[in-house]
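Summarising the annotation, TrEMBL assigns active site, proton donor to E236, E478. Taken from TrEMBL, the feature active site applies to D369, E503. According to TrEMBL, the disulfide bond annotation covers C432-C464. The feature Ca(2+) binding site is assigned by TrEMBL to T589.
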Amino acid sequence: MKPLLLPRTRLLLRAPPAAGPGAFRLTEKFVLLLVFSAFITLCFGAIFFLPDSSKLLSGPVAAAAVAAAAGGAGSLERIRADHERALREAKETLQKLPEEIRRDIRQDKEKLLQDARGRKEAGAPGLPQRLFRQPVGAVGQEPSDPAVRQKRDKIKEMMKHAWDNYKRYAWGLNELKPISKQGHSSNLFGNIQGATIVDALDTLYIMEMKEEFKEAKEWVEKNLDFNVNAEISVFEVNIRFVGGLLSAYYLSGEEIFRKKAVELGEKLLPAFNTPTGIPWALLNIKSGIGRNWPWASGGSSILAEFGTLHLEFVHLSHLSGNPVFAEKVMNIRKVLNRLDKPEGLYPNYLNPSSGQWGQHHVSIGGLGDSFYEYLLKAWLMTDKTDEEGKKMYYDAVQAIETHLIRKSSGGLTYIAEWKGGLLEHKMGHLTCFAGGMFALGADGAPNDRTGHHIELGAEIARTCHESYDRTSMKLGPEAFRFDGGVEAIATRQNEKYYILRPEVIETYMYMWRLTHDPKYRQWGWEAVEALEKHCRVDGGYSGIRDVYNNHESHDDVQQSFFLSETLKYLYLLFSEDDLLPFEHWVFNTEAHPLPVLHKDDGNKEDDQK
Ligand code: DMJ
């Protein structure tokens, strides 16, 4: 037969040896067993009692003892009462079965853990739950034409070259110096790091560079830190970091990006603490203290900076359930709509304290540009429900056409700058984005002017192409002029540089999508060839100091917008229209795609409260 107990247990219960002179009687054995079990119970109880005593000693009892030392019978009474309570609790504990005591301990431990978890969650942004649905057009089909496919593959290879070198020489820093092969930091981001990583996330995603996207995401998870003592540019951090994180979230559904975007959005809120609510240009994100650029017309904020928060902030409210972000940017609109506009134009400078315009300088390039872009895109992004944005946009375009748009004697349409009523016949590379904007807005143009707006876009695209074509390197200068006998040519040495900017290619992309005229792909390819010939170096891509020179002098910076904008717009130019289709996406000014909030899904279709 099999033994019922294991050998060691059997040994303990074995019958006693035969009675001898030293053997106990049965009653003696019983007494011994009683004493032994009383001793065990006492030890067991003491184990649970002692920690309580120490807690009491360091807590109320100790405090009471100190109070008693200070004198007073009341204190002694309290000590006695505390002791009695402690003894009562100990007695109760001793009366419990071991299993009950163990259960109590388990429950205490669980409660402590729950409290700790609760404290941790309260520190997180407390975002509403959200069910992610695969967005339309996050990746597109392969181009059907093999020649186009080949070109698109080439652009992807360029992205890989830019990314791999950034990774090799400047990983985690803001940008890459491709000649000196080290990191480059710009004071626009204070000491927030990783601008290239965050700016490139969505480009990596749509190009299906999965490994690279994964490593970028891991970097964001582990290293992207906004708890820094840094003065940053509110505009730059918004368009690159908030915009980049929002797009990465909307494309991939990875929660980390939503969390980080909202966390950063919250850090930017103190910038709006001005008498009018028009935000400061610069903000210390630790202290919350803001100020304006010292050079900006008597302490003014800048139109293109405070006017380029709208899209991102509306999405921050959408994703966080917190209306504060949208309220802040809607207030900017309110302030602007209360003001008189000279000739219907918006000056570039506005004082955030007085709420009055600064210097009357109007530009559709630097200092003004993306304000106009965001009026149009706010209307498109709300599925054409933001009527206020729409009206502001088309009214502004009307004033721009009347006062700023001119034709050169050689037949090139350009957008001049306006200074207190006088025109400066100069157009910046930045202004070239407007070709795409006019074409994108053509559909809603009032009084049957759709065709006219498309034509305006096409004319600006042609002028900007000329500004490239008239250089030795076939890359556009920072600014070009239409005076002193020249057209679309830079005349000043400090306007001859090219820093890998995207605006001309951006306009080609919009014109291609909206007209399918093959010349836009042809012009885009010319730009690819020029970039490869003059900007590509072993360590990445670099800007050029003088595009009219035959020999490259590199500026040694690979701008983060080269990865987020220039290469993305090129890739889209050689993709099918099903990749990020315009009915579903709008691009922020750094080319980060944000989904249209469709009215038929009430914007809440995918919100799970
Ligand atoms: C980008 O950061 C954005 O496009 C911005 O609106 C203007 N300047 C650069 C690129 O040139």
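Using N, Cα and C of the backbone, Cβ positions are placed for all residues, glycine too.
Quantities reported herein were computed from a predicted structural model and do not represent experimental measurements.
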Under 8 Å by Cβ from E478 (active site, proton donor), counting only residues of that chain that are 6 or more apart: G428, H429, A490, E495, K496, Y497, Y498, I499, R501
Candidate recorded positions E236, C464, E503, pick with smallest Cα gap to D369 (active site): E503
Cβ neighbours within the same chain of C432 (disulfide bond) - under 8 Å, at least six residues apart: I460, T463, C464, S467, G476, E503, V504, E506, T507
Contacting recorded positions, sequence order - E236, C432, C464, E478 vs ligand 1, Cβ under 6 Å: none
Other C-beta atoms that fall within 10 angstroms of the C-beta of E503 (active site): 23
Assigned conformation of E478 (active site, proton donor) - DSSP reduced to three states: coil
E236 (active site, proton donor) to the residue listed as 'Ca(2+) binding site' - Cα separation in whole Å: 10
Least surrounded among the active-site residues, given as E236, D369, when other CB atoms within 10 Å are counted: E236
Secondary structure at T589 (Ca(2+) binding site), reduced by DSSP to three states: coil
Most crowded position, judged by CB atoms within 10 A, among C464, T589 as recorded positions: C464
Three-class DSSP secondary structure - E236 (active site, proton donor): helix
